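For reference, Swiss-Prot has these:
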type     : residues                                                       : note
ACT_SITE : Tyr156                                                         : active site, for nuclease activity
BINDING  : Glu83, His90, His92                                            : divalent metal cation binding site
BINDING  : Gly334, Pro335, Ala336, Thr337, Thr338, Gly339, Lys340, Thr341 : ATP binding site
COMPBIAS : 196-211                                                        : compositional bias 'Polar residues'
DOMAIN   : 1-199                                                          : domain 'PV NS1-Nuc'
DOMAIN   : 308-463                                                        : domain 'SF3 helicase'
REGION   : 196-216                                                        : region 'Disordered'
REGION   : 488-536                                                        : region 'Disordered'
MOTIF    : 156-160                                                        : motif 'RCR-3'
Amino acid sequence: MPGFYEIVIKVPSDLDGHLPGISDSFVNWVAEKEWELPPDSDMDLNLIEQAPLTVAEKLQRDFLTEWRRVSKAPEALFFVQFEKGESYFHMHVLVETTGVKSMVLGRFLSQIREKLIQRIYRGIEPTLPNWFAVTKTRNGAGGGNKVVDECYIPNYLLPKTQPELQWAWTNMEQYLSACLNLTERKRLVAQHLTHVSQTQEQNKENQNPNSDAPVIRSKTSARYMELVGWLVDKGITSEKQWIQEDQASYISFNAASNSRSQIKAALDNAGKIMSLTKTAPDYLVGQQPVEDISSNRIYKILELNGYDPQYAASVFLGWATKKFGKRNTIWLFGPATTGKTNIAEAIAHTVPFYGCVNWTNENFPFNDCVDKMVIWWEEGKMTAKVVESAKAILGGSKVRVDQKCKSSAQIDPTPVIVTSNTNMCAVIDGNSTTFEHQQPLQDRMFKFELTRRLDHDFGKVTKQEVKDFFRWAKDHVVEVEHEFYVKKGGAKKRPAPSDADISEPKRVRESVAQPSTSDAEASINYADRLARGHSL
């Protein structure tokens, strides 16, 4: 949700008193302008003060022009409302915080203020007290620049009616029709209040009704709880992921010092909640049904290697949900560039927490695998030193493992995905290779053999493709056989040729030259040779 700075600009209504010495041309410009309401407005034009509105319209237009220049954000969101107060006409100018940090806001606003004096008031500063001011977190000295969220608009600005409400401008799509339409304003306010009520009810439902634990109830705590809940839903555990998911949201929390301090705490709390209450399927399975899965890269890789994508998808889904008992591991086997790492990497990066097996360090190979949602074993080998722990982890059993510079820690049942082009069921012990653990290891795995090389422009599997594939698997589940080799299927057999397609067999050309004489001639020649031999 974007954050906004609020600048309150007072608008002169008594030109002689508020702008002493202003030129006649300025007075004529203000007096000559006539305003009309758009056709979809239900406001009363007679309740609108047109002369101050002319000045206000020029002020907001020039202010936004300068704001876009200093913020370097031409698409920055804004909402401006012109109101008639008890003492003065004034504008509430809400501008998105994007591009302007709080520490330099005062400097930029001073520049904009001088521009408005020169361009609009011909160098004459209004005598209105504090006519150009940014809203602070508290009155008096020491308050920081206040950042409000979008809820400020339906909470405070939209409920205003005539004659207090004079005019409004915005580039926010959801409020365009409500600027000058009182009925639409009421509808949006009611919709917002309903949403707030539902959110509060949902927060109450999420709390343990049998718990008597004290809960701080305030706007600050509600906003913090909303932030942590959003981070958990999106699986965000770092500031980098937050920026990639919603840059405006991240910047809005950096705009003020009080909200900036919540960032690391919220990420830390969200991570703890995810590790304790969420599992891999919560992030691997997408929310929306998939209509066409044929363009999905995981689907293409499996189909290219002769697997039935629906059956293979059911294997992946059951693996993620730990449905197959001790057969807790998927082994993607094959040479380079066949997509095995492409699939495993995408699955691992889709969940908030994944661990990698460091098989090169035999002392602490599973150091990174504690409290993870998925374990990824990339291009490794099975050694006699780690095979017993590996069998427990691959089989989804609880096992304690040594950790570097720490005491041993327990690895809970966690889905494992292995990518390798070597035999992971052969145990290497020094210079020898043994197969005594082959059957137990095979009983813990589903093996996919990927042998078809991918084109150079095939591309990387994305997180969304992973979620779509698992969602499609959930909607098309089939029965899976508990076998080491995942059966292939879906390949089309070439039909037998018909009689019309069968041609006469070609004559085979002999490669050895045949003698030119017949058998009879050969016998006569042998007789002549025998007779000549006797005569000698």
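For all residues, glycine too, the Cβ spot is worked out from N, Cα and C.
Structure coloured by features recorded in Swiss-Prot.
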residue: Glu83; record: divalent metal cation binding site; contacts (Cβ under 8 Å, 6+ apart): Phe89, His90, Met91, His92, Lys160, Glu164, Leu165, Gln166
residue: Tyr156; record: active site, for nuclease activity; contacts (Cβ under 8 Å, 6+ apart): none
residue: Gly334; record: ATP binding site; contacts (Cβ under 8 Å, 6+ apart): Asn305, Lys340, Asn421, Glu449, Leu450, Thr451
residue: Ala336; record: ATP binding site; contacts (Cβ under 8 Å, 6+ apart): Asn421
residue: Thr337; record: ATP binding site; contacts (Cβ under 8 Å, 6+ apart): Arg453, Leu454
residue: Thr338; record: ATP binding site; contacts (Cβ under 8 Å, 6+ apart): Ile301, Asn305, Leu450, Thr451, Arg452, Arg453, Leu454
residue: Thr341; record: ATP binding site; contacts (Cβ under 8 Å, 6+ apart): Leu332, Glu378, Glu379, Thr419
Cβ-based neighbourhood (8 Å from the centroid) of the ATP site, residues Gly334, Pro335, Ala336, Thr337, Thr338, Gly339, Lys340, Thr341 excluded: Leu332, Asn342, Thr419, Asn421, Leu450, Arg453, Leu454
Environment of Glu83, His90, His92, the listed divalent metal cation site - residues of the same chain whose CB lies within 8 A of the CB centroid: Val8, Ile9, Gln81, Phe82, Gly85, Phe89, Met91
Long-range Cβ environment of Pro335 (ATP binding site), under 8 Å and at least 6 residues apart: Asn421, Thr451, Arg453
Most crowded position, judged by CB atoms within 10 A, among His90, His92, Lys340 as binding-site residues: Lys340
Number of other Cβ atoms within 10 Å of the Cβ of Gly339 (ATP binding site) across all protein chains: 24
Residue distribution over DSSP helix, strand and coil in the motif 'RCR-3' (156-160): 2 helix, 0 strand, 3 coil
